[in-house]
Amino acid sequence: MKSETGYMGFVVVLVFMVLLALQLATLSAPATQIAYSDFRKLAAAAQLDDLEVSPTRITGVLRSASAAAALPASDAEAIKRAGTPWRFSTKRVTDERLIDTLAATGTRYRGADDDTWIGTLASWIVPIAVFALVWNLMLRRPRGGLQDWSGVGKSKPRVYVEAKTGIDFDDIAGIDEAKAELQQIVAFLRAPARYQRLGGKIPKGVLIVGAPGTGKTLLAKAVAGEAGVPFFSTSGSSFVEMFVGVGAARVRDLFEQAQQKAPCIIFIDELDALGKVRGAGLASGNDEREQTLNQLLVEMDGFQANSGVILMAATNRPEILDPALLRPGRFDRHIAIDRPDLTGRRQILSVHVKHVKLGPDVDLGELASRTPGFVGADLANIVNEAALHAAELDKPAIDMSDFDEAIDRAMTGMERKSRVMSEREKITIAHHEAGHALIAQTRAHSDPVKKVSIIPRGIAALGYTQQVPTEDRYVLRKSELLDRLDVLLGGRVAEEIVFGDVSTGAENDLERATEMARHMVARYGMSERIGLATFGDADTQGLSPLVWQRGGERCSESTATRIDDEIQRLLAEAHDRVSRTLKERRGALERIAGYLLEHEVVDHDKLVRLVNDEPTPEPGARDPGGDAAKRSGIGAAPAKPPAEVGSAELRDPARKADNADHSVPQ
């Protein structure tokens, strides 16, 4: 609607210019008056064309400049000066032979009516009237565009009246704690007298904080749907325009609309676009965004706690919000939505599969265990991708193989069937991934390996080793981190042992291993030589993984050198441990690599048999009922800090755009 209004001024000006040009075109090249006798000579000589014969006048053009030679010098000069076409005009006299002459010389002519003063006036009045009408319509349409000066300060939130949000708490799963906290808000909106009778004050504002895709907006709509009250939905970026004072005016207008429909809910999505901490810019004194934020603070102080208007907002960057916005009395209640655990993921999947047709072999528990770290939006996407995959194969229902493909695609990207690798590269990749898988199987604190593949996927992954945590963990021990270092270096060391050379494919492994070792030394106090002091970056990152928000090392140069030396020591010790293991288990390494070269994919059960040198059956149908997953003890979500080692990938060195771990979203 706003873009349509933005076109209006341009359209009006364009129409006016076109009409004006047409008028000027009719007035251009004025006709030169000549005598009728000269006209008769030119007609007899066949020097005329395009005649227009009216009851009182005859107009036309000369066929060439040389035809003007038959005219008096003054008329000839006037015609030439006017330029092409050489137009002339003469007063018509009674001449019965004129038509015969024109017919004999083959001159084109047509009849016309005389111009009247009414026609001339209409030719000017009509364009002006059209212009005025369009301009008036534009001004009277309150769309808030650049030409709509009267409505530029009006807020235009989406308003869902009563329970028409279409969402209630039954549509929300996996975040039971957040729903429980909001039950009080719903109860107040349904029966405010219950709280006012005892003098209680409902929170003025509720701030929902969570990573992208965790369901913040959905939760706010569910509150309105449960309470059955109007729901004003807008975003933080919609308040700020190019005009000074527009944002503040829209904030005032939004709260005025809400007061008229109380009890109701105002929901501002992406609050960080509006509520950033003030004074951070060079021109902060005249910053339009700061004026808008100031007005929001004033409005939140202005309406009463029991007025029935509740402000809800959502953000995934709470660390950059202004402290004045977060104090009690404004956003009194902060609700954090974390990534769902195993039970939460299963509940979320059960909601999303209600509208799809599932096969008898689909096990939501196994799917939940295979998607650690996934948020609600990720799980919804997996269900949709599985449905699309099944539809492409014309299946009557979605089975586990469709979900397997959807999960692999979400973790590592689309399978790159068009990428053709040489036999030498395949051998390198197979031994690299075999090294990761073998070390993961031999370490007591390593997560089980779900799948090993040398099929290229995504932008840069040439192969991957997919690990899935066995349980929800929020604290990691030093022994677990050391085992993870070993797994990350398994691919690189395997190349050294088998080929006596190394490749560029371990780039991502080395980056992650170095980062993990740095955290152990500088943040977690896991180095005896450095001690218990921490020298890590200030924790300003919050939920937004932006590198520019991180500070530098808070230590002296000598301490930084010692930290670097300790990181090198940890990596060197991990390298030695991995090297000893792979040399001792060289046979298992070759068996895994050989199986990968033949079949391209190894699942958990086959990997265990290959490591233990047991007979390996040919690849066939997957174990019914998720037996493989049950035997492997595959469980739930990754630990929080540090980032989960979900997979080790061999990456294409020519594609450095994506160095993130595709296997387990963080």
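Using the three backbone atoms N, Cα and C, a Cβ is placed for every residue, glycine included.
Swiss-Prot lists HIS432, HIS436 as Zn(2+)-binding residues, and of the candidates ASP341, ASP361, ASP363, ASP509 the one it assigns to that same site is ASP509. When the recorded positions GLU433, ASP509 are scored by other C-beta atoms within 10 Å, GLU433 scores highest. Cα spacing between LYS216 (ATP binding site) and ASP509 (Zn(2+) binding site): 34 Å, rounded to the nearest whole number. Across the fold, the C-alpha of GLY213 (ATP binding site) and the C-alpha of ASP509 (Zn(2+) binding site) stand 28 Å from each other. Counting only residues at least six positions away in the same chain, the Cβ atoms of ILE175, ILE337, ASP338, ARG339, PRO340, VAL375, GLY376, ALA377 sit under 8 Å from the Cβ of THR214 (ATP binding site). Here the CA atom of ASP509 (Zn(2+) binding site) lies 29 Å from the CA atom of GLY210 (ATP binding site).
Mean model confidence of the topological domain 'Cytoplasmic' (1-6) amounts to 47 (pLDDT, 0 to 100 scale). Taking the binding-site residues LYS216, HIS432, HIS436 in turn, the residue surrounded by the fewest other Cβ atoms inside 10 Å of its Cβ turns out to be LYS216. Each residue contributes its Cα atom, and for THR217 (ATP binding site) and ASP509 (Zn(2+) binding site) these two points are 36 Å apart.
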